[in-house]
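> Once you've had a glance at the structure underneath, I'll fire off some questions.
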Amino acid sequence: MDAAATAVTVFHRPAHDGDFRDWLMRITEIARRMDGFVSSSVAVTEGPLLEPGFSVTFRSEPALHAFLDSAERAAALSDGTMLGFHCKSSDLVIVEGGSPPPGIGVFRHSVARDKEAEFEATEARLVAVSSTFPGFEGAALFPSDGGRWFSVLRFRTERQLSDWLGSDERAATLPELRAKLTEDFTVQAHTTPFGSTVRTVDGETRMTPTWKTAMLVLLVLYPTVMVLSRFLGPVLDRVGSPPWLALWLSQIVSVGVMSYYLSPAVASRFRRWLDPIDGAGRRISAAGAAVVVALYALTLLLFASVRWLQYWDYD
(Lines of atoms letter the chains of each structure in order from A; the text may use other names.)
(Lines give C-alpha, C1' and ligand atoms only; values in the text may rest on other atoms or scores of the structure.)
Protein backbone atom coordinates (compact mmCIF):
# COMPACT_ATOMS: atom_id res chain seq x y z
CA MET A 1 0.00 0.00 0.00
CA ASP A 2 1.37 3.41 -1.01
CA ALA A 3 2.09 5.93 1.73
CA ALA A 4 0.58 9.40 1.69
CA ALA A 5 2.85 12.08 0.24
CA THR A 6 2.94 15.83 0.80
CA ALA A 7 4.52 18.56 -1.32
CA VAL A 8 5.53 21.85 0.28
CA THR A 9 6.19 24.91 -1.86
CA VAL A 10 7.73 27.97 -0.19
CA PHE A 11 7.41 31.45 -1.70
CA HIS A 12 8.99 34.85 -1.34
CA ARG A 13 6.75 37.19 0.65
CA PRO A 14 4.22 38.70 -1.79
CA ALA A 15 3.45 42.40 -2.05
CA HIS A 16 -0.31 41.76 -1.84
CA ASP A 17 -1.29 38.97 0.54
CA GLY A 18 -4.95 38.92 -0.53
CA ASP A 19 -4.11 38.39 -4.20
CA PHE A 20 -1.60 35.72 -3.22
CA ARG A 21 -4.19 33.79 -1.24
CA ASP A 22 -6.69 34.05 -4.10
CA TRP A 23 -4.08 32.59 -6.42
CA LEU A 24 -3.36 29.74 -3.99
CA MET A 25 -7.09 28.95 -3.99
CA ARG A 26 -6.81 28.43 -7.74
CA ILE A 27 -4.00 25.91 -7.19
CA THR A 28 -6.07 24.23 -4.48
CA GLU A 29 -8.96 23.78 -6.90
CA ILE A 30 -6.60 22.22 -9.45
CA ALA A 31 -5.35 19.78 -6.81
CA ARG A 32 -8.89 18.87 -5.72
CA ARG A 33 -9.76 17.77 -9.23
CA MET A 34 -6.85 15.33 -9.31
CA ASP A 35 -7.15 11.68 -8.28
CA GLY A 36 -5.93 10.94 -4.78
CA PHE A 37 -6.23 14.45 -3.35
CA VAL A 38 -6.42 14.47 0.46
CA SER A 39 -5.91 18.00 1.75
CA SER A 40 -4.11 21.31 1.32
CA SER A 41 -2.96 24.08 3.63
CA VAL A 42 -1.70 27.66 3.40
CA ALA A 43 1.14 28.62 5.73
CA VAL A 44 0.59 31.23 8.43
CA THR A 45 2.82 34.29 8.07
CA GLU A 46 2.25 36.44 11.14
CA GLY A 47 5.89 36.10 12.24
CA PRO A 48 8.46 38.02 10.16
CA LEU A 49 10.55 34.87 9.65
CA LEU A 50 7.62 32.55 8.88
CA GLU A 51 7.57 32.09 5.12
CA PRO A 52 4.53 32.02 2.84
CA GLY A 53 3.91 28.50 1.67
CA PHE A 54 1.44 25.98 0.30
CA SER A 55 1.21 22.28 1.10
CA VAL A 56 -0.82 19.61 -0.64
CA THR A 57 -1.23 15.97 0.34
CA PHE A 58 -2.20 13.03 -1.87
CA ARG A 59 -2.86 9.39 -1.03
CA SER A 60 0.32 8.24 -2.79
CA GLU A 61 3.55 9.64 -4.14
CA PRO A 62 2.67 8.85 -7.78
CA ALA A 63 -0.61 10.75 -7.38
CA LEU A 64 1.27 13.69 -5.88
CA HIS A 65 3.76 13.78 -8.74
CA ALA A 66 0.91 13.61 -11.25
CA PHE A 67 -0.37 16.86 -9.73
CA LEU A 68 3.09 18.48 -9.52
CA ASP A 69 3.78 17.64 -13.17
CA SER A 70 0.32 18.56 -14.47
CA ALA A 71 -0.09 21.14 -17.21
CA GLU A 72 -2.77 22.91 -15.18
CA ARG A 73 -0.42 23.49 -12.25
CA ALA A 74 2.38 24.60 -14.57
CA ALA A 75 0.07 27.17 -16.14
CA ALA A 76 -1.03 28.42 -12.72
CA LEU A 77 2.60 28.77 -11.58
CA SER A 78 3.42 30.68 -14.75
CA ASP A 79 0.52 33.04 -14.11
CA GLY A 80 1.66 33.43 -10.52
CA THR A 81 5.15 34.42 -11.64
CA MET A 82 3.62 37.14 -13.81
CA LEU A 83 1.67 38.35 -10.77
CA GLY A 84 4.85 38.53 -8.71
CA PHE A 85 4.48 35.27 -6.75
CA HIS A 86 7.89 33.61 -6.90
CA CYS A 87 8.90 30.23 -5.48
CA LYS A 88 11.73 30.43 -2.96
CA SER A 89 12.84 26.81 -3.36
CA SER A 90 11.96 23.72 -5.33
CA ASP A 91 9.02 21.60 -4.18
CA LEU A 92 9.81 19.58 -1.06
CA VAL A 93 8.30 16.09 -1.26
CA ILE A 94 7.67 14.41 2.10
CA VAL A 95 6.50 10.79 2.09
CA GLU A 96 4.80 9.39 5.18
CA GLY A 97 7.16 7.01 6.96
CA GLY A 98 10.15 8.11 4.89
CA SER A 99 13.00 10.52 5.44
CA PRO A 100 12.67 14.17 4.38
CA PRO A 101 15.20 15.60 1.93
CA PRO A 102 18.64 16.34 3.46
CA GLY A 103 18.66 19.44 5.64
CA ILE A 104 14.87 19.47 6.00
CA GLY A 105 13.17 19.07 9.38
CA VAL A 106 9.46 18.19 9.50
CA PHE A 107 7.71 18.57 12.87
CA ARG A 108 4.11 17.55 13.57
CA HIS A 109 2.16 19.17 16.40
CA SER A 110 -1.21 18.48 18.04
CA VAL A 111 -2.20 21.98 19.15
CA ALA A 112 -4.79 22.58 21.87
CA ARG A 113 -7.81 24.41 20.43
CA ASP A 114 -7.53 27.43 22.74
CA LYS A 115 -3.74 27.65 22.38
CA GLU A 116 -3.36 28.17 18.63
CA ALA A 117 -2.44 31.88 18.75
CA GLU A 118 0.05 31.23 21.53
CA PHE A 119 1.46 28.27 19.61
CA GLU A 120 2.02 30.46 16.53
CA ALA A 121 3.83 33.05 18.62
CA THR A 122 6.01 30.40 20.25
CA GLU A 123 6.85 28.86 16.89
CA ALA A 124 7.80 32.30 15.57
CA ARG A 125 10.19 32.77 18.50
CA LEU A 126 11.64 29.30 17.95
CA VAL A 127 12.25 30.10 14.28
CA ALA A 128 13.91 33.37 15.27
CA VAL A 129 16.36 31.44 17.44
CA SER A 130 17.01 28.85 14.72
CA SER A 131 17.71 31.65 12.21
CA THR A 132 20.87 32.56 14.14
CA PHE A 133 22.41 29.14 13.43
CA PRO A 134 24.70 28.54 10.42
CA GLY A 135 22.95 27.23 7.32
CA PHE A 136 19.43 28.39 8.23
CA GLU A 137 17.40 28.94 5.06
CA GLY A 138 13.82 29.35 6.25
CA ALA A 139 10.76 27.92 7.97
CA ALA A 140 7.06 27.56 7.24
CA LEU A 141 4.18 26.70 9.57
CA PHE A 142 1.02 24.99 8.29
CA PRO A 143 -2.30 24.68 10.15
CA SER A 144 -4.85 21.96 9.51
CA ASP A 145 -8.24 20.81 10.71
CA GLY A 146 -8.36 19.12 14.09
CA GLY A 147 -5.35 20.95 15.49
CA ARG A 148 -2.80 18.84 13.58
CA TRP A 149 -0.24 21.46 12.53
CA PHE A 150 3.15 20.82 10.96
CA SER A 151 6.23 22.95 10.43
CA VAL A 152 9.04 22.66 7.90
CA LEU A 153 12.52 23.89 8.80
CA ARG A 154 15.14 24.25 6.07
CA PHE A 155 18.90 24.19 6.58
CA ARG A 156 21.58 24.08 3.92
CA THR A 157 22.94 20.70 5.01
CA GLU A 158 21.87 17.76 7.16
CA ARG A 159 24.77 18.41 9.54
CA GLN A 160 23.66 22.00 10.13
CA LEU A 161 20.11 20.82 10.82
CA SER A 162 21.44 18.24 13.29
CA ASP A 163 23.48 20.92 15.06
CA TRP A 164 20.31 22.95 15.58
CA LEU A 165 18.25 19.95 16.72
CA GLY A 166 20.85 19.07 19.33
CA SER A 167 21.51 22.62 20.52
CA ASP A 168 20.99 23.95 24.04
CA GLU A 169 19.16 26.95 22.57
CA ARG A 170 16.49 24.73 21.03
CA ALA A 171 16.18 22.62 24.18
CA ALA A 172 15.53 25.77 26.22
CA THR A 173 12.52 26.73 24.07
CA LEU A 174 10.81 23.33 23.98
CA PRO A 175 9.04 23.47 27.39
CA GLU A 176 7.16 26.59 26.29
CA LEU A 177 6.22 24.92 23.01
CA ARG A 178 5.01 21.73 24.70
CA ALA A 179 2.70 23.75 26.93
CA LYS A 180 0.59 24.57 23.85
CA LEU A 181 0.22 20.95 22.69
CA THR A 182 -2.20 18.17 23.57
CA GLU A 183 0.62 15.62 23.05
CA ASP A 184 4.33 15.89 22.40
CA PHE A 185 5.44 16.78 18.89
CA THR A 186 7.06 14.26 16.56
CA VAL A 187 9.94 14.68 14.16
CA GLN A 188 9.85 12.86 10.83
CA ALA A 189 12.65 10.31 10.51
CA HIS A 190 16.09 11.31 9.27
CA THR A 191 18.54 8.80 7.83
CA THR A 192 22.26 9.55 7.69
CA PRO A 193 24.33 8.61 4.61
CA PHE A 194 25.60 5.48 6.41
CA GLY A 195 22.17 4.21 7.40
CA SER A 196 21.46 5.48 10.92
CA THR A 197 17.85 6.62 11.24
CA VAL A 198 16.92 9.21 13.86
CA ARG A 199 13.34 9.69 15.06
CA THR A 200 11.88 11.75 17.88
CA VAL A 201 8.66 10.47 19.41
CA ASP A 202 7.01 11.90 22.52
CA GLY A 203 10.06 14.04 23.09
CA GLU A 204 12.45 11.06 23.10
CA THR A 205 15.09 10.79 20.39
CA ARG A 206 15.72 7.26 19.13
CA MET A 207 18.42 6.06 16.75
CA THR A 208 19.23 2.93 14.79
CA PRO A 209 21.22 0.50 16.99
CA THR A 210 24.95 0.74 16.32
CA TRP A 211 25.21 -2.95 15.40
CA LYS A 212 22.74 -2.54 12.53
CA THR A 213 24.60 0.47 11.16
CA ALA A 214 27.90 -1.40 11.43
CA MET A 215 26.49 -4.41 9.57
CA LEU A 216 25.25 -2.17 6.77
CA VAL A 217 28.55 -0.28 6.50
CA LEU A 218 30.45 -3.57 6.20
CA LEU A 219 28.02 -4.78 3.55
CA VAL A 220 28.88 -1.76 1.39
CA LEU A 221 32.51 -1.29 2.42
CA TYR A 222 33.87 -4.73 1.50
CA PRO A 223 32.82 -4.81 -2.18
CA THR A 224 33.73 -1.13 -2.57
CA VAL A 225 37.28 -1.70 -1.34
CA MET A 226 37.64 -4.87 -3.42
CA VAL A 227 36.49 -3.18 -6.63
CA LEU A 228 38.65 -0.09 -6.09
CA SER A 229 41.67 -2.27 -5.30
CA ARG A 230 41.08 -4.17 -8.54
CA PHE A 231 40.44 -1.24 -10.90
CA LEU A 232 41.63 2.02 -9.32
CA GLY A 233 44.75 0.57 -7.67
CA PRO A 234 46.46 -0.41 -10.94
CA VAL A 235 45.74 3.03 -12.42
CA LEU A 236 47.38 4.74 -9.47
CA ASP A 237 50.33 2.36 -9.73
CA ARG A 238 50.80 3.16 -13.43
CA VAL A 239 50.88 6.91 -12.84
CA GLY A 240 53.56 6.43 -10.20
CA SER A 241 51.62 7.18 -7.02
CA PRO A 242 53.54 6.05 -3.94
CA PRO A 243 51.66 3.53 -1.76
CA TRP A 244 50.88 6.04 1.00
CA LEU A 245 49.31 8.45 -1.51
CA ALA A 246 47.54 5.74 -3.50
CA LEU A 247 45.86 4.44 -0.35
CA TRP A 248 44.76 7.94 0.64
CA LEU A 249 43.30 8.67 -2.81
CA SER A 250 41.53 5.32 -2.83
CA GLN A 251 39.97 6.07 0.53
CA ILE A 252 38.73 9.45 -0.68
CA VAL A 253 37.01 7.77 -3.61
CA SER A 254 35.53 4.99 -1.47
CA VAL A 255 34.17 7.39 1.17
CA GLY A 256 32.65 9.63 -1.50
CA VAL A 257 31.04 6.79 -3.43
CA MET A 258 29.71 5.19 -0.26
CA SER A 259 28.42 8.44 1.27
CA TYR A 260 26.59 9.78 -1.75
CA TYR A 261 25.57 6.70 -3.72
CA LEU A 262 26.03 3.20 -2.34
CA SER A 263 25.13 3.57 1.34
CA PRO A 264 21.97 5.66 0.74
CA ALA A 265 20.85 3.21 -1.95
CA VAL A 266 21.36 0.19 0.31
CA ALA A 267 19.86 1.97 3.34
CA SER A 268 16.69 2.70 1.37
CA ARG A 269 16.25 -1.08 0.84
CA PHE A 270 16.60 -1.70 4.57
CA ARG A 271 14.59 1.35 5.67
CA ARG A 272 12.17 -0.53 7.91
CA TRP A 273 14.93 -2.65 9.49
CA LEU A 274 16.99 0.46 10.26
CA ASP A 275 14.06 2.41 11.69
CA PRO A 276 14.52 2.60 15.50
CA ILE A 277 10.77 2.18 16.04
CA ASP A 278 9.37 0.17 13.13
CA GLY A 279 12.43 -2.10 13.11
CA ALA A 280 12.84 -2.49 16.87
CA GLY A 281 11.11 -5.87 17.16
CA ARG A 282 13.18 -9.02 17.62
CA ARG A 283 11.63 -10.76 14.64
CA ILE A 284 12.30 -7.99 12.13
CA SER A 285 15.77 -7.35 13.60
CA ALA A 286 16.70 -11.02 13.25
CA ALA A 287 15.21 -11.31 9.76
CA GLY A 288 17.06 -8.24 8.53
CA ALA A 289 20.33 -9.42 10.07
CA ALA A 290 19.90 -12.80 8.35
CA VAL A 291 19.44 -11.09 4.98
CA VAL A 292 22.58 -9.00 5.52
CA VAL A 293 24.59 -12.09 6.50
CA ALA A 294 23.34 -13.86 3.36
CA LEU A 295 24.52 -10.89 1.29
CA TYR A 296 27.90 -11.11 3.03
CA ALA A 297 28.15 -14.72 1.89
CA LEU A 298 27.22 -13.80 -1.68
CA THR A 299 29.85 -11.07 -1.91
CA LEU A 300 32.52 -13.34 -0.43
CA LEU A 301 31.59 -16.07 -2.90
CA LEU A 302 31.69 -13.59 -5.78
CA PHE A 303 35.18 -12.31 -5.05
CA ALA A 304 36.48 -15.77 -4.16
CA SER A 305 35.28 -17.40 -7.38
CA VAL A 306 35.57 -14.69 -10.06
CA ARG A 307 39.29 -14.35 -10.75
CA TRP A 308 38.79 -11.26 -12.92
CA LEU A 309 37.71 -9.38 -9.75
CA GLN A 310 40.67 -10.51 -7.65
CA TYR A 311 43.00 -7.51 -7.37
CA TRP A 312 45.97 -9.66 -6.34
CA ASP A 313 45.85 -11.33 -9.77
CA TYR A 314 45.27 -8.27 -11.94
CA ASP A 315 48.73 -8.45 -13.50
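Residue numbering: from 1, along the chain as shown.
Cβ atoms are placed via backbone N, Cα and C, with glycine included.
Dumping what TrEMBL says about this protein:
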DOMAIN    107-172  domain 'ABM'
TRANSMEM  214-232  transmembrane segment
TRANSMEM  244-263  transmembrane segment
TRANSMEM  284-309  transmembrane segment
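Looking at the shown structure, can you explain where the listed features end up?
Secondary structure of the domain 'ABM' (107-172) per DSSP, as helix, strand and coil residue counts: 34 helix, 20 strand, 12 coil.
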> Sort out the residues at least 6 away from either end of the transmembrane segment (214-232), same chain, that have Cβ-Cβ distances under 8 Å to it, and list them.
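Long-range Cβ neighbours of the transmembrane segment (214-232): 194-195, 249-250, 253-254, 257-258, 262-263, 266-267, 270, 274, 289, 292, 295-296, 299, 302-303, 309-311, 314.
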